[in-house]
Amino acid sequence: AASKLEVSMPAVVEAESGSTARLECNFHIPGNGSYTYIDWFYMDQSNRVRLYHITGSESLEESTDYKGRLALGEDKALSISRVTMQDAKTFVCQVGAGSHGVAENHTELHIYKVPEVPEITANPGGISVQSSELSQIARCVSKNSFPAPSITWHKNGEQLEENKEAKISLTRTRESSGLYTVTSTLFARVTRQDRHSRYHCTVHFHLQGQARALESQRVNITVFYPAEHVELLVMPSSALVKEGDDVKLVCEADGNPAPVFSFYKRELDDSWQDLSSVAGADSGVLNLYDVKKSSSGLYKCQTLDLDDMGQLEKDVELVVNYIEGVHVEMEPPSPVQEGDSVKLSCDAHSPVALDYQWRDEKGRKVAEGKQLFLKNLTFETSRNFSCKVMAPSVPGLEQSKQVAVAVEGKPRIVAVSSPLYVRQDDVVTLTCKAIAFPKPSVHWSVNGTTHEYVENQHIASNLTVKVNHDLLRAGAMCRVSNSLGVIEEHIQLLDQKTPESKGVIIVAIIVCILVVAVLGSIIYFLHKKGKIPCGRTGKQDITRPEARKDKIVVEVKSDKLSEEAGLLQGANGDKRPATDQ
């Protein structure tokens, strides 16, 4: 056990700004004696300022700048609330114990403030790789910290050290709040590869004896460097360009900023035509609209770097695919006669392989290949055929050529309105339809109003005429002719009976039917009464009025007996002996 009065306190107490700091004062009095008083002080430079005076019966707080923020614990520990940077001082605890004397100890109160996340700002301009001096890469700012932290720089995750290629400047500013603002700036030399580099800064500080760190966002910088390579592209691909297309020649260089572009086309005399005046050429794009066969050739792109005046160039061959000279031949040549056969041959020129297809005038495919054979031609055969020439390797490259197949022949009448049932004085329309080439003319043997129209190579003539006796008797003649022949067709007109005469005939027929029905009924009635003999064996007198049965004798042969008996049985519905009938 200690033989004298002892006071023990932690050497250092840390508290975050705004929190409550607790300062403990532990003491030992020999013989378990009691203290007489306890005083708390803080050091103001070399002077002591008392905060509290504590005796066995009371605790007295002095009037100081800390009044209102102090609290005393049961163990006589001193608590300071809402600490600030100004509270970072030395605090003393003094204990008096009568005959055991006086003892004291002190604690250093450290106030800390965790810094905010650092803010990084990259150089807003570009940095040239050809710069002879170190260039500012970025600046990093850490605000509101205590004590002042340290800052390190990193590129692509690796810490940078100061050397002849990199330099770091650091400034610390203490604000009125007592907190620090620390600013660090990185200067370095850049290379072409740094266009992809990512930079960040890290703020380092200690918290309760532990090392802590906060990282900024990653940023990249703009690096200026001259072009080393240039490419000249044809869009769409040169293999697919055809006449009529819009083509772009795109010149790309790997320098930053982009160099100045110029375009040229080689002429037949090996000179170069300057195309730089074309809109957009200075931006590296040469637009060629509605290209022709003559647009084919060698094109060159040239770049000029304004920083070091270096030049690069690249050329490309533009091939404009085309189809030309499409022609169709017919053997024998047109016109041909009905029943003839012809051969159509199609050909064209192109730098790529071609396919041939034949279509009729309705657009239907009829054959493939260079030749089309047409046999046994008629007027109805399609008059127009087209040869469609296509380049399979160049989508959309195609051309067509049309040919007319004229089939000549004398007229052929295909339809007439005959026979035609008419009535006297009716107004009727007679129709005559024919086909021929050259176009025929139609004439009628009677006068009337005519109307002609052409439909699907047929010519039709309608004659409107009033029916009279002569027209009913002779009919009408349709005559169709062209330079190759004439054909005629007779139209017969038949008199159509009036409705009255039809009615008379119908009435006569009905009357006849009624007469036959009445006669049949009378005969059947007489038969039922036995007035009419039928099927008797031997001789039978037929009774007549006025008892003259002896005047007429009917003889019926016996070989008819069985047949007649059967007929009578069927008629009367009962069976009787023949002698009783």
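Backbone N, Cα and C define each Cβ position, glycine as well.
Residues annotated as domain 'Ig-like' in TrEMBL: 3-110 (among others). Taken together, the residues in the domain 'Ig-like' (3-110) have a mean pLDDT of 92 on the 0 to 100 scale.
Per TrEMBL, the feature domain 'Ig-like' maps to 118-220 (among others).
Here TrEMBL flags 226-317 (among others) as domain 'Ig-like'.
As annotated by TrEMBL, domain 'Ig-like' applies to 324-404 (among others).
Residues annotated as domain 'Ig-like' in TrEMBL: 411-494 (among others).
Marked as transmembrane segment by TrEMBL: 503-526.
Highlighted: of the candidate stretches 3-110, 118-220, 324-404, 411-494, 324-404 has the greatest count of Cβ pairs under 8 Å to the domain 'Ig-like' (226-317). The DSSP breakdown of the domain 'Ig-like' (226-317) into helical (H, G, I), extended (E, B) and coil residues amounts to 9 helix, 44 strand, 39 coil.
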